[in-house]
Structures are given as C-alpha cells and as structure tokens.
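The ATP binding site annotation in TrEMBL covers 24-31, 141-144, V170, 178-181. For H31, the entry in TrEMBL reads active site, proton donor. Sequence annotations record features per position, and here TrEMBL assigns beta-alanine binding site to Q55. According to TrEMBL, the (R)-pantoate binding site annotation covers Q55, Q147.
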Amino acid sequence: MLRDPAEVRSALAGRGRVGFVPTMGYLHEGHAELIRRARAECEMVVVSVFVNPTQFGPGEDLSRYPRDLEGDLALAGGAGADVLFHPEAEAMYPPGYATTVRVGGVAGPLEGESRPGHFDGVATVVLKLLNLVGPDRAYFGEKDWQQLAVVRRMVRDLSVPVEIVGVPTVREASGLALSSRNSYLSPEQRARASVLSRALRAVQAAAASGERDTGALRQSGLAVLAEEPDLTVDYLAVVDGDMRERPAVENDSMTRVLVAARLFGVRLIDNMPLFPELEATPAC
Ligand SMILES: Nc1ncnc2c1ncn2[C@@H]1O[C@H](COP(=O)(O)OP(=O)(O)OP(=O)(O)O)[C@@H](O)[C@H]1O
Ligand SMILES: CC(C)(CO)[C@@H](O)C(=O)[O-]
Ligand code: BAL
C-alpha cells in the first residue's frame, strides 16, 4: 500500500502499461470487476481508495461513508491489483489548496442539479489522481453513467493522455446495482431497493413495444417507483449521450434511462440503456 502521493509514479516507472481504478473504498464485486478488467489489459494495476471530501455536499454522508481498509486490501489483491494507493486528505488538499476543475455541459443536469458542486469535486480529484498515477487506462463503472460522461469530457477537453474505459454495472440477483451505500440498508430494505432496476426495465419494455415519447417513457418508470411507499424520486430521466432530455427519443445506443431516489433515507442511483440490444461500449 502507498500513502504518499509523491511516491506513486516512481513506484510504477518502467513497469509496463498501467491500469488505474479510482474508488472511494468499501470495495465490492462491482469494483472487483473493474480491477479484473484492468488486470486483463495492463501489466500494472493500481487501485486508489480515497473518500474525497470535496465531492460531498453539506449534509451528505461524508462522515458516515463506510470504510474497511483491511477488506479493501484483500478484495483488491484478490482481483489482481498490484498497488493500493490510499492518500490522506491533507496530502491531497494541502493548506492553501485553491484550484477546482469545473466541467460544463454533461455535468449540469441530473446529479449536477441534485448535488451542486459534486462533479467539481469528482473532476478535480480524478484529474489529480490521473496526474499522480499517470495510467495508460483508467476504469470507471457504468453505474455512475453521468460521472463516466463527465470524466470522458474532462479528459478530452484537457488533453489528458489516458484512455477511459467504461465497465458494465454489476448487479445482485434481485437486479439491485451493487453500491457501497447499499450497506446502509438492512437485507429487507435491500430487497425492496430492487424497485429501481425494475423501474428501469419497465422503461426499456415500453421502448421495446414502440414508445418513443419521453414523457410516456418516464411515466412507465415512475409508475413502478410509485409502488414503493418509502421511496422519494429525485429524478427519472431519459437522456441522450450529452445528458440532454428531448421530447422524443432516438433509437441510439447512447440513449439512457437514469434514476436517483431516496429509499429509507439512502440515496441510490442506477441507469440502463434504453435499447439494450444496441448497447455498445462507447469508444474512448
Ligand atoms: N455495481 C457496480 N458495477 C460496476 N462498477 C461499479 C459498481 N459500483 C461502483 N462501481 C464503480 O466503481 C468506481 C468507484 O465507485 P465508488 O467507490 O463510489 O463505489 P460505489 O459503490 O459507487 O459507491 P457509492 O455507494 O458511494 O456510490 C466507480 O467508477 C463506480 O462507477
Ligand atoms: C471517481 C471517484 C473515485 C472520485 O472520487 C468517485 O466519484 C467514485 O468512487 O465513483
Ligand atoms: N460513486 C459516486 C461517488 C459519490 O456518490 O460521491
């Protein structure tokens, strides 16, 4: 394990192609899938575990975010990581730190509206981590679809020399997307949280039966979410590859349905392609 940001690059120098998996820890099988993909494609695999304070808003769950460094070391190593990078917040943001990366466009709607400043924190820490590690490829989960779009935009706009790889969402048998925040839920609550993926599938089914009106597609998902009395919808949106909602959807592999909702006080997000049969991992 490495803790000093100044040491990471030198530890990797001359060791071949580097794959990087940035995380906030409390690793699960979703993270393991990213690490295995990196292991299959790169000579060196670096996983970072850093609960980045700048991407949490006031009143969000920074102080109670789950942590388990021993478990993370075991899971990351088991999935094929060579190095676990776990910096201190003070080392990443030393006194006097005064720079923020702000992505426009794709970062604006949805999570951008619900969590003001969130993507500034994500973009800033991801750029710092990419600069510190210097990977050839960096792996991000499709579970955070908008985050993946924000990172791709930033990397293109700032000419960061890295290939961004998106990895499909790993789910429980119930359909629930794996997420560190699922640990806030009891087993019974977790079973009920599968309502999110059922809502997304209902939207897919409506599209498969020919519906193209965005409002009607949304309604088919909202109707499923309404079956769960303890759920508050934050958003359910059908968007294009630029995260824009349009009156009618196009039969495009980048058309996506995204949902965010609060269930038993826990904020969960998920997404699926509207036309799964067209799904193609977008080129870097
Ligand atoms: N179920 C999953 N399948 C694939 N990738 C995932 C999954 N869950 C998380 N990831 C990816 O792992 C990386 C690190 O995510 P993070 O550490 O925030 O985990 P998380 O489970 O998404 O946590 P949170 O509950 O805070 O959203 C991100 O690129 C994220 O998209
Ligand atoms: C990309 C990331 C590690 C930045 O802190 C975080 O947003 C996450 O875990 O998805
Ligand atoms: N996986 C997204 C990180 C966050 O919610 O802050």
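Placed from the backbone N, Cα and C atoms, the Cβ positions cover glycine too.
Just so you know, TrEMBL annotations are computer predictions that nobody has curated.
Quantities reported herein were computed from a predicted structural model and do not represent experimental measurements.
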Between V170 (ATP binding site) and Q55 (beta-alanine binding site), the C-alpha gap once rounded to whole angstrom: 23
Cα distance (Å, whole number) from H31 (active site, proton donor) to E142 (ATP binding site): 11
Length of the line joining the Cα atoms of the residue listed as 'beta-alanine binding site' and S180 (ATP binding site), in Å: 16
Sequence-ordered recorded positions from L27, G30, H31, Q55, E142, V170 with Cβ under 6 Å of an atom of ligand 3: Q55
Close-lying recorded positions around ligand 2 among M24, L27, H31, E142, V170, where CB distance stays under 6 Å: M24
Entries of L27, G30, H31, Q55 (recorded positions) sitting next to ligand 1, with Cβ under 6 Å as the cut-off: G30, H31
Under 8 Å by Cβ from L27 (ATP binding site), same chain, sequence gap 6 or more: V47, V49, G71, D72, L75, A76, S180
Integer Å distance between the CA atoms belonging to M24 (ATP binding site) and Q147 ((R)-pantoate binding site): 14
